[in-house]
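**Student:** Below is the structure I would like to discuss, written out as structure tokens.
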Amino acid sequence: MKWVTFISLLFLFSSAYSRGVFRREAHKSEIAHRFNDVGEEHFIGLVLITFSQYLQKCPYEEHAKLVKEVTDLAKACVADESAANCDKSLHDIFGDKICALPSLRDTYGDVADCCEKKEPERNECFLHHKDDKPDLPPFARPEADVLCKAFHDDEKAFFGHYLYEVARRHPYFYAPELLYYAQKYKAILTECCEAADKGACLTPKLDALEGKSLISAAQERLRCASIQKFGDRAYKAWALVRLSQRFPKADFTDISKIVTDLTKVHKECCHGDLLECADDRADLAKYMCEHQETISSHLKECCDKPILEKAHCIYGLHNDETPAGLPAVAEEFVEDKDVCKNYEEAKDLFLGKFLYEYSRRHPDYSVVLLLRLGKAYEATLKKCCATDDPHACYAKVLDEFQPLVDEPKNLVKQNCELYEQLGDYNFQNALLVRYTKKVPQVSTPTLVEISRSLGKVGSKCCKHPEAERLPCVEDYLSVVLNRLCVLHEKTPVSEKVTKCCSESLVDRRPCFSALGPDETYVPKEFNAETFTFHADICTLPETERKIKKQTALVELVKHKPHATNDQLKTVVGEFTALLDKCCSAEDKEACFAVEGPKLVESSKATLG
């Protein structure tokens, strides 16, 4: 993704643009400094998240012990910065605690080998061993009365367990945001545990909170993957576009400065430096509030809130109105006689300014689409500025963007029409079939997970007004496809997936969309056991029952990748009828024993 190097100078061209927010005096004790800055409550939470994200299998009690040891050290260092171990880096402090665990080798295997390395290589090694799909049971929410009793009995331990359980399942969860969600969780419990019907109060509120927190986790995973796989500049390019859309009245200098500082914040959190990340995030929010008159009047609604809510509020702000009377982009970037001169003298700055100007005028475009346009503009200038008549060569460059714009617009139109025709569940099934045919080598659980997530784009985005659909759809799909890429990178099985995931961050979605059925795939043998069901399926919650049916659908496609939609629809219909019949029978198991083999035979006959 070489094109994103054009952002480099943009964030380096003047130290004035990055002065102020993160310029701190050197501290004798880093841990004392961070403890003082973030406060004891947030310090304890961030240390717990740090250990939970590194050591995903350890019991909570073991983490609580480590957190106490680190907190006691921090307090000792606040009292006397010259005390023993107070001059250690935070990586040294956390890494030494991890490496001192007697059970490290037995529980984590190769992670123990990291302890033979010195910092910073040791921390990089720990990061490499974070598991995006840990072998942990699904998080089960207790009954309302049990939940409220645990909350009232020991509030501190209750929220410690919450941070621990979420962090170890999501090792890249944006730590300051996880503290925010814990705060929201507390507010819900405080209200609902006093209600007459606790369950009726808790369930919808906790469902909504869980949904938002899962999206937040996936968004941060994309940021971290972007930084880890494509470098800081890839994230800076993304942030430049998004902030230019959100704050179109802010000037280029302000946007550049915020981008630089925001990149530092996310790089720290992605690198496991959660105390620094939370501290710097608070400083950035403070800076933006101090300069709200030049950035956005919308900031006013956020800036009087406590720090966790303030930063969350700023992140969630809607786009400002585009300023009236902006000149056409073509004036500076096509018609100006010095386009090539400006480009060649300061390529990064000039192209960064182009992205800023184009993005602030197009809140109706997705971030990745705008980055594709930046890529196309750069390629045109690179070619044309080497010719005898550059202007004649690049005069139509903005018109040449149209196919790049039309492609995602058509994708959104077609898929939203399909969603409206099929509804949630059947739309997911259509995507299941589509993606199983594209990349049948991917494991069935991953295909089910990803296709269900892709299918949610319908309910999430298709009901939006036309102007909001494209950014909603494409930016959501970027997050979901990143999950596929992250899981596939650990256990690669498909060259097509590797290619789409590795070549270009902004072209991932078009790459996957362009994939046709894999004609090289050797179909799986028919396994009757895969399609054999028992009475226990009848007692499963509706969501889990749907997942069982979708798992069977993926296996059908892997067995018969050339099956028509009508054939698959027939088999799925027969399967649904079997469930309805046997789950209504008096002797459910006997029904499945008799009717199940009939389904297997009829399915084989239907599919040929």
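Placed from the backbone N, Cα and C atoms, the Cβ positions cover glycine too.
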**Student:** Taking Swiss-Prot at its word that H271, D273 bind Zn(2+), choose the one of H91, H128, H129, H152 listed for that site.
**Tutor:** H91
**Student:** Among D37, D507, D518, D536, which residue does Swiss-Prot annotate as binding Ca(2+) 2 at the site that also has D279, D283?
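**Tutor:** Looking at D37, D507, D518, D536, the one Swiss-Prot places in the Ca(2+) 2 site next to D279, D283 is D37.
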**Student:** Say Swiss-Prot lists E268, D273, E276 as binding Ca(2+) 1: which of E30, E40, E519 is in the same site, per that record?
**Tutor:** E30
**Student:** Just confirming the record: what cysteine out of C192, C224 does Swiss-Prot connect to C201 via a disulfide?
**Tutor:** C192
**Student:** With reference to Swiss-Prot, which of the candidate residues C277, C302, C303 participates in the disulphide bond with C289?
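**Tutor:** That would be C303, the partner Swiss-Prot lists for C289.
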**Student:** Looking at the binding-site residues E30, H91, E268, H271, E276, whose Cα is closest in space to that of T446 (phosphothreonine)?
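**Tutor:** So, spelling it out, the nearest of the binding-site residues is H271.
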**Student:** Tell me the Cα distance separating D273 (Ca(2+) 1 binding site) from H91 (Zn(2+) binding site), rounded to the nearest angstrom.
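**Tutor:** About 8 Å separates the two Cα atoms.
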**Student:** How big is the gap, in Å, between the Cα of C340 (disulfide bond) and that of H27 (Cu cation binding site), rounded to a whole number?
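**Tutor:** That separation, Cα to Cα, works out to 47 Å.
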**Student:** Could you tell me which three-state DSSP class K460 (N6-succinyllysine) falls into?
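**Tutor:** Reduced to three states, the DSSP call for K460 (N6-succinyllysine) is helix.
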**Student:** Are there residues of the same chain, six or more positions away from C148 (disulfide bond), whose CB falls under 8 angstroms from its CB, and which are they?
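**Tutor:** The list for C148 (disulfide bond) reads L189, C192, C193, K198, given in order along the sequence.
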**Student:** For E268 (Ca(2+) 1 binding site), just count the other CB atoms lying within 10 A of its CB, please.
**Tutor:** 19
**Student:** Relative to the Cβ position of S29 (phosphoserine), how many further Cβ atoms are located within 10 Å?
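**Tutor:** A count of 22.
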**Student:** Using a 10 Å radius around each Cβ and all protein chains in view, which of these disulfide-bonded residues has the most neighbours: C277, C340, C511?
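**Tutor:** Highest number of other Cβ atoms within 10 Å: C277.
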